[in-house]
């Protein structure tokens, strides 16, 4: 579809959240279709996890987004989908890869939302594809467990914060979940949640550096808990780390089933977003360093630095591999 | 994309206007891409006309709309696009043809919006395809001229109208044209206009028969005049004809460039929409007859009857042809 | 236009904010048109104030909102518009008055947004109409001055609040101002701001009483400062007063022009919203009493009580007057 002014920031760059939402919709369609292809019981595929994704080049207003999706692995109860997004300038015909994402879905019964159904197996062209898929499946399973433990954290408000401290840029928004945000099961689409998360992360980044910012990458996101129609969700973001030219922002989503529900507020999702600041010519700008004050902030800064160096090392290894081929 | 609650009426049937908007977006993308493929000057394809289209089966919330578009003819200054919409129930895998539409686009220069550029010719598989396309081109050209003359008419308000008269159900809405309604040239997308027209026509139909109604077909629509960002558009609808099971509604779009423009309010588009009333089981219901009072209303009723009988005759001829093959 | 699922809460009642937004759009169109009717310089009417408005009966999904607007007074630099909203159930034909609102607009030059232009005078049928309008004009002018002084207040966060305290239900959201939120001048539509304010107030009310709530009335709102495209706005609400069956919520809007602007965060609007809690049958329910803790909270409670009693007295006076006629 054609990118509109509402999909983009003032500089005309399409929000990462808009792209994540398109990716998730494509993934939900292909995996729901697959899971119902042999099912005795109708089901809806629910997003369980999105692997880390890099935004390779910004998309602009007026460009057309081409989204393609393919099922690349199935376990007994989950589906792995690979989604590619290309941006196409229909005036010049130029096409660019915007990003690739890998998503994991789980089929939930339409009659009983707490029942996970079995996934029909796919055929692999080569045995290695199945083995590699299985490896990815095991890896993400481990990672899911890990983030579950991180989930107790809350963001505390700060009065009169100094510029460039964590408290200075931290932000949160609340959103009442409406019917158009939800799947047939009455739970929020993962894509809707990711769009709100990107919105908050973008505001944190812009408050910190006061320039035009764009989403550079999103770390793996795990959807631990479903969010029901009618809930109020609070999406909060705080900066955890800055390198010379990038900012890492941690985003939490808490759901508050405040009408007709005997349940307490709970953490539904958390994730790390990385932003860069761009000049008017689209070049990355230096970013003011984050000032950490408390012990927790210093610890999180070091953890962020770890993730940053790890990603950098991985990317260099990939580039060397590519150069050798 | 997945159909959401906001795309549909209370009974869960997707609005014809939502479908028309998707069709037009697909047509605009493919024809803009084609016209820029060899162009020296960048251009944006603007919708000039939509041929009559029938809605074959209603689409529902939760279904996926598959839209495919193909260029079927090019004249020197216009492109004919054929768009097909399939609805897919991803739970059952069932697919149904929702409708087919034929649209005509004209490439306008991005630098000078009043300049119509030349269209690169397409290759035809067979000579007959080109001849048939040319015939369709000539036919629509004639028809365009005709509707241009009809355009002076206005809708006058009626105080305390009797049930089932024209005045009883006539309706209008105003809309301030925002940035996301517009193309790169700053003019309203044809699809946005059609969606508003369908909304008004639907209100007229529901006011008349007080039941669940769906769009059955839309007569050819000609876009005589562009509508600029910042305009206020008034969309008005009045019932012109009823058969036993259908209602014909005439819809006008007037644009009011009320800021910064030395121009008067003008008629931008007009068209006929046909609605049917459906029972809870999805069966067509009888429709109360339209009571005509003035001479003009009686004349329009007869004209509507003419269109209705003509369409009916055409459809019977097609069915006989199909039966003979 | 037809009310859609996204316009309403889970119980199907249309948000007061959706109605306020429609009212403001109608007011902006009629006053912009009027101010350009004889103008030498093109202008856009900006919302300066909305008088207190009562929501007489809730509107539901599927109903059609009929909005009509009329200019009732013009001063040298401002326009008073009266807007009426009727809800129409198009299935039964039943019409109900939803609310009436009085709005004040100021024409700003399209070339220089800081220049207020002159308003062409309207003709009055009777001399008394002009005099009454002038009286209303003077009254609102005084009131505007008063609220300007109230504007320094901020909402402080509370950790682990007790149920039914002020801190327990207070809420805030942030919103990045996008192109569709803005007028041709690049400033946020008053109606967009009011919709966000109602959203926050509604969440505060629902958090307090955990039931289905609807907007009962909105006190006069003054728009002291324009908000520019690209700003982040923070909308915060806290409960100030509860009667047996109503809740009063104070809402602040702060704008943060954080990109490319040498300006500090500033208070753009503040207002009081009154909510009632409804049972499934649509009857008003008792509301838990607000627990005030600090001196400020106690003072605000008393002030809220004052407003409540004043409004009650006014309404009784009007009813007696009506009974005598």
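Just so it is clear, glycine is given a Cβ too, placed from its N, Cα and C backbone atoms.
Taken from TrEMBL, the feature domain 'HotDog ACOT-type' covers C:1-111 (among others). Per-residue pLDDT, averaged over the domain 'HotDog ACOT-type' (C:1-111), rounds to 88.
TrEMBL lists C:9 (among others) with the feature active site. Under the three-state DSSP scheme, residue C:9 (active site) falls in the coil class. Around the Cβ of residue C:9 (active site), a 10 Å sphere holds 21 further Cβ atoms from the protein chains shown.
Per TrEMBL, the feature domain 'HotDog ACOT-type' maps to C:167-281 (among others).
Under 8 Å, Cβ to Cβ, and six or more positions away along its own chain, residue C:198 (active site) finds C:15, C:16, C:17, C:20, C:215, C:218, C:273. The active site feature in TrEMBL is assigned to C:198 (among others).
Feature annotation from TrEMBL assigns region 'Disordered' to C:294-325.
Annotated compositional bias 'Basic and acidic residues' per TrEMBL: C:296-306, in sequence order. In the compositional bias 'Basic and acidic residues' (C:296-306), helix, strand and coil residues by DSSP number 11 helix, 0 strand, 0 coil.
As annotated by TrEMBL, compositional bias 'Low complexity' applies to C:316-325. Residues of the compositional bias 'Low complexity' (C:316-325) grouped by DSSP class, helix first, strand second and coil last, total 9 helix, 0 strand, 1 coil.
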Residue counts (helix, strand, coil, in that order) that DSSP gives for the domain 'HotDog ACOT-type' (C:1-111): 24 helix, 51 strand, 36 coil
For the domain 'HotDog ACOT-type' (C:167-281), residues assigned helix / strand / coil by DSSP: 26 helix, 53 strand, 36 coil
